[in-house]
Amino acid sequence: MKGGSIEAGEVSKDASPRKGVARGLSIMDFILRIIAAVATLGSALAMGTTNETLPFATQFIKFRAEFDDLPSLVFFVMANAVVCGYLVLSLMISVFHILRSTPVKSRILLVALDTVMLSLVTASASAATSIVYIAHNGNTGANWFAICQQYNNFCERISGSLIGSYIAVALFIILIMLSLVAISRN
């Protein structure tokens, strides 16, 4: 009898920490999704509202730099907006995982969708980074001149908007690993 009661106590002790760890992973997943959504929203807003007009202009020509002059920066804004929307929608699934720690199929779906969104945000950040690099340094081989000496505020804002996007890339990698750990524990 004592042996049976000890075994039953051990089983209940093993089951309780598993649920606690799964719940902790789910709460961490929820928090990281909120942070990533704020980062991508901030990046999209910072880039999407960036423009600068030079103080000197002729009667017919205004020297103006806007993000939508460059397709790579438009892609950056759109991709960050899509990823932010996905992150906000995925918060519902994350709350479901907090309430119920055992759903494996929805975690597998999140891993797949998180991987797609990781690819999208990485591609957009890389494309925007190349444009920001050329804006700062130019390319003498192609006769592209650096514009950041003239459009200082524009360059600071587009450079700063990359930070949130790269934070989202790092958070997506962590989110995918957390989901895979949660799947392997079930």
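The backbone N, Cα and C atoms fix where each Cβ goes, glycine too.
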Practice item. Determine from Swiss-Prot whether Glu156 and Phe67 lie on identical sides of the membrane. Key: yes
Exercise for review: State the residues, same chain only, that lie 6 or more residues beyond the ends of the topological domain 'Cytoplasmic' (94-107) and have a CB under 8 A from a CB inside it; answer 'none' if no residue qualifies.
Suggested key: 19, 22-23, 26-27, 29-30, 33, 179, 182-183, 186
Review point. Against which stretches of its own chain does the transmembrane segment (163-183) lie, if we need a Cβ under 8 Å and a gap of at least six residues from its ends?
Key: 22, 25-26, 28-29, 32-33, 35-36, 38-43, 46, 76, 80, 83, 97, 104, 107-108, 110-111, 114-115, 117-118, 121-122, 124-125, 128
